[in-house]
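Down below is the structure, laid out as structure tokens.
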Amino acid sequence: MLNFKTLQAIDFQNKTVVLRSDFNVPMINGVISDSERILAGLDTIKFLVKKNCKIVLLSHLSRIKSLEDKLNNKKSLKPVAELLQQLLPTVKVQFSCKNTGAEVKQKVQALAFGEILLLENTRYCDVNDKGEIVKLESKNDPELAKFWASLGEIFVNDAFGTAHRKHASNAGIAKYVAKSCIGFLMEKELKNLSYLIQSPQKPFVVVLGGAKVSDKLKVVENLLKLADNILIGGGMVNTFLKAKGKATANSLVEKELIDVAKQILDKDTHNKIVLAIDQVMGSEFKDQTGITLDVSDKIQEQYQSYMSLDVGSKTIALFESYLKTAKTIFWNGPLGVFEFTNFAKGTSKIGEIIAKNKTAFSVIGGGDSAAAVKQMQLSDQFSFISTGGGASLALIGGEELVGISDIQKNS
């Protein structure tokens, strides 16, 4: 897993470097609301500054679906450049409102060694100036990849969050440069997540939540071979409950995946999969007082229109019985709608239970579970928190990380 070239394997002194980082951070009215991903990528940037490199920085931010998305500047990386300047006060950080063309080339040439130029959101290339959706970045357009590759002598990919996507700014550039490697963050992510699928200390217990089972089917299948137990809650548990013939009322069920869920449960001959046994139900999708019902074959008439929005206290106790003795824990996805106070208990209790187990190597697979743990102020109680939700699931699901597969390997 870690046979990629790393920063230490290449001479960076006075070189021009194209660095793909992951600055896909949440913004509210043009203000960064969580800078975790930017902070996580700083070590690589500082290393390259120390080597007196010219650094051409690339990142995407959100999805660009229309010309309006480009013109209203709500998805511009300018606030990221401003924050980088604050975080690196002794380094000159410039921002280019363009990411292709002669003007960009000139700016790179004019850049002094030890300085940084952040180009505009790579996904701006997904919509052209006529408003047509062309997806040059997202579909790995070779001409775009060649242009970005031409801006430097060495390519460093430190964007773990997009490691499972084959885009022009990651997989594409790696094809057209003479030298490439992974950055410190990518190295750390691969090392910690690889441990889970290569040599986890037993018992290895996995907690899966979140709304959809479709995102996690491969993960469940792959983990059946590796984990001792897979504890399932959140919205995704309903598809499995339905597959077992349980009543799910008006809860989210992915009907087209019921048969697949049934096949997975049939494969689970060692009863590794543990499903929620009670749920907190709400009459509609809003923050309200819920009612706790045991999972059963039938639901009383008056609750037929209710939906599950959290796991109940019996499920929390059941999950705790597995988690307190675990030596390795992987958690991806909240166990309820933790944004609603009345349905946050399952997620917060499971977070506390994992944090309390000081002998376990505990990993959070990015995304909403990382946000939940941050909200609970428990982030420092976990061994590792991944910056990539989808990428961590892809890796643990046994998929090839296509965004980094063309990075140079150690010979």
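Keep in mind that glycine also has a Cβ here, set from the backbone N, Cα and C atoms.
If you look up Swiss-Prot, you'll see D22, F23, N24, R37, H60, L61, S62, R63, R123, R165 marked as substrate binding site. Sequence annotations record features per position, and here Swiss-Prot assigns ATP binding site to K216, E339, G366, G367, D368, S369 based on similarity to another entry.
With respect to Cβ neighbours within 10 Å, the binding-site residues D22, E339, D368 differ, and E339 shows the lowest count. For K216 (ATP binding site), the same-chain residues that are 6 or more apart in sequence and have a Cβ closer than 8 Å to its Cβ are L208, G210, M236, N332, G333, L393, G397. If you take the Cα of G367 (ATP binding site) and the Cα of N24 (substrate binding site), they are about 12 angstrom apart, rounded to a whole number. Once Cβ contacts within 10 Å are tallied over all protein chains shown, the binding-site residues S62, S369 are led by S369. All protein chains shown were included, and the count of other CB atoms within 10 Å of the CB of R123 (substrate binding site) stands at 25. Pairwise Cα distances among K216, E339, G366, G367, D368, S369, the recorded ATP-binding residues, top out at 21 Å. Around the Cβ of N24 (substrate binding site), 23 further Cβ atoms fall within 10 Å across all displayed protein chains. Here G366 (ATP binding site) comes close to G161, N332, I385, S386, T387, G388, G389, G390, A391, S392: these same-chain residues lie at least six apart in sequence, with C-beta atoms under 8 angstroms from its C-beta. Separating the Cα atoms of D22 (substrate binding site) and D368 (ATP binding site) is a whole-number distance of 17 Å. Distance between Cα atoms for N24 (substrate binding site) and D368 (ATP binding site): 14 Å, as a whole number. Cα distances from S62 (substrate binding site) to the binding-site residues E339, D368, S369 are smallest for D368.
Annotation for H60 (substrate binding site): same-chain Cβ neighbours under 8 Å, separated by at least 6 residues, are N24, N121, T122, R123, E137, T162, H167, S169.
Its Cβ taken as reference, G367 (ATP binding site) is surrounded by 22 other Cβ atoms within 10 Å in the chains shown.
Largest Cα-Cα distance over the residues recorded as binding substrate, namely D22, F23, N24, R37, H60, L61, S62, R63, R123, R165, equals 18 Å.
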